[in-house]
Amino acid sequence: MTQEIAVLSTKPEMAVESPAVRKVFVKTYGCQMNVYDSDRMTDALAKDGYVSTDVIEDADLVLLNTCHIREKAAEKVYSALGRLRDLKKKKASEGREMMIGVAGCVAQAEGDEILRRAPAVDLVIGPQTYHRLPEALKRVQRGERVLETDYAVEDKFEHLPAPDKAKTRARGVTAFLTVQEGCDKFCTFCVVPYTRGSEVSRPVAQIVAEAQKLVDAGVREITLLGQNVNAWHGAGPDDEKWGLGELLHRLTKIEGLARLRYTTSHPRDMDDSLIAAHRDLKQLMPYLHLPIQSGSNRILKAMNRRHTTAEYIALIARIKAARPDLALSGDFIVGFPGETDEDFEDTLRLVETVGYAQAFSFKYSTRPGTPGADLEDQVPEDVKAKRLERLQALLLSQQNAFAQACIGKTIDLLLEKPGRMPGQLIGRSPWLQSVNVDAKSSQIGDIVSVRITGAGPNSLFAEVVS
Ligand code: 5AD
Ligand code: SF4
């Protein structure tokens, strides 16, 4: 997923008139957490007079917020840096300076290499030090090339400024809120424990304050984010540890906050109180991203997932007993080292058994420094490609079947943004599907009752019933 952040200046006329205003172009690669981080960095820079632009040629600072999860994602960064080097040169020939910064997980994992391979880069900053970005830029302006990837001892969230009301409103009626970062699970394919570090949970008070601010600015739906969000165990008011179920309960007390979601979860961290929250909280949407990665117990063991397919299936049965209309989403990796045809058939069987409303699937990508990279029996690319094609065909058929089954249902729809056609808005169903409906733009932020009338390849169609 990529996102280019739009112009967020609350006073655009000032941006044109004042020569002191500097412009930042942020390109976000990867997961929702990077989208959240890009916004936080933009907010930190706003204090120093930076406004966002979506026109890269106008930027005084270009910031790439990068992803390291698969090789392809990391490669994209180096090719983008090649293009940026040319743009920087062109601008310099016109007497204009352009700084280039690399943030995110590639910055954390390959900071030195970026500085070596890409001389046009002025600044490399890891995810744990974003609050130091303004200071780092000052060092760049003094002529330094900055590498800022040490883990900070201070709490970056304490130092990151919150966006003002207008900016939050401009970002929409749904928002992300990072509650947890890092991972201690060490799945053998995954770089996250190395790029994001060990698990850290933000305290309850900090999260509630941020959620309240979002709601005060008009946000109706918050998605709690974490690499391992259901492992969140933050400090409560008396310093006692809370679990995610308790946090969700607390957040439902915020008046005006209509919907809650959380992502992404590990099956081993779905505790009883979180499952009960799915039963008890009407604000908690009946949709759960619960990756299993493979349907073969042999491969799950090699991946260090520390659970079996039977445990996963039993867990889903418990969650669905608590919330029968819950829809599932997941992640799958095909071609993990040693995966045989039989292992892959097990994955297809598991998908048939569970039934996903949506799922993401990937070819295994060797990540340097992870235990998986040292395993023998790497699966040939063409075998991975064929398996991925079969798996994706099955997952797509399940997604379409789920969408078809929605036709005729009356659901609550949160109206989010203008649709493609005039007079249309796009909203989200409880199960995270995009739904097109005829409605006025003044209704953005409302939750309306709609009847689903049809299903296209990526979205549903509906009419308002009340
Ligand atoms: N290769 C392929 N996919 C991966 N993922 C994580 N690491 C790798 C890798 N090395 C996938 C997993 C994870 C999702 C975010 O990305 O499915 O859940
Ligand atoms: Fe990576 Fe998720 Fe496994 Fe952590 S639990 S190592 S983030 S796949």
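Quick reminder: no glycine exception, Cβ is built from N, Cα and C everywhere.
Those TrEMBL annotations? Automatic predictions, nothing curated.
Note that this is a predicted model, so its numbers are computed, not measured.
What TrEMBL records for C31, C67, C105 is [4Fe-4S] cluster 1 binding site. For the recorded site, C31 ([4Fe-4S] cluster 1 binding site), the DSSP three-state label reads coil.
Among the features that TrEMBL reports, [4Fe-4S] cluster 2 binding site is placed at C183, C187, C190. When secondary structure is read from DSSP and collapsed to three states, C187 ([4Fe-4S] cluster 2 binding site) falls in the coil class.
As a whole-number mean, the pLDDT of the domain 'MTTase N-terminal' (22-142) in this prediction is 95. Marked as domain 'MTTase N-terminal' by TrEMBL: 22-142.
Feature annotation from TrEMBL assigns domain 'Radical SAM core' to 169-401.
The annotation domain 'TRAM' is assigned in TrEMBL to 404-466.
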Same-chain shell around [4Fe-4S] cluster 1 excluding C31, C67, C105, C-beta within 8 angstroms of the CB centroid, reads Y29, G30, M33, N34, T66, H68, I69, A73, G104, T195
Per-residue Cβ crowding (10 Å cut-off), top of binding-site residues C105, C183, C187
C105
Among the binding-site residues C31, C105, C183, which have a Cβ atom lying under 6 Å from any atom of ligand 2?
C183
Between C190 ([4Fe-4S] cluster 2 binding site) and C105 ([4Fe-4S] cluster 1 binding site), what C-alpha distance do you get in Å?
12
Rounded to a whole number of Å, the separation of the Cα atoms of C187 ([4Fe-4S] cluster 2 binding site) and C105 ([4Fe-4S] cluster 1 binding site) comes to 17
Within the set C67, C105, C183, C187, C190, which binding-site residues show a CB-to-ligand 1 distance under 6 A?
C190
Based on DSSP, tally up the residues of the domain 'MTTase N-terminal' (22-142) by helix, strand and coil.
70 helix, 24 strand, 27 coil
Beyond the listed site residues C183, C187, C190, identify every same-chain residue whose Cβ lies within 8 Å of the center of their Cβ atoms for the [4Fe-4S] cluster 2 site.
K185, F186, F189, V191, V192, P193, Q227
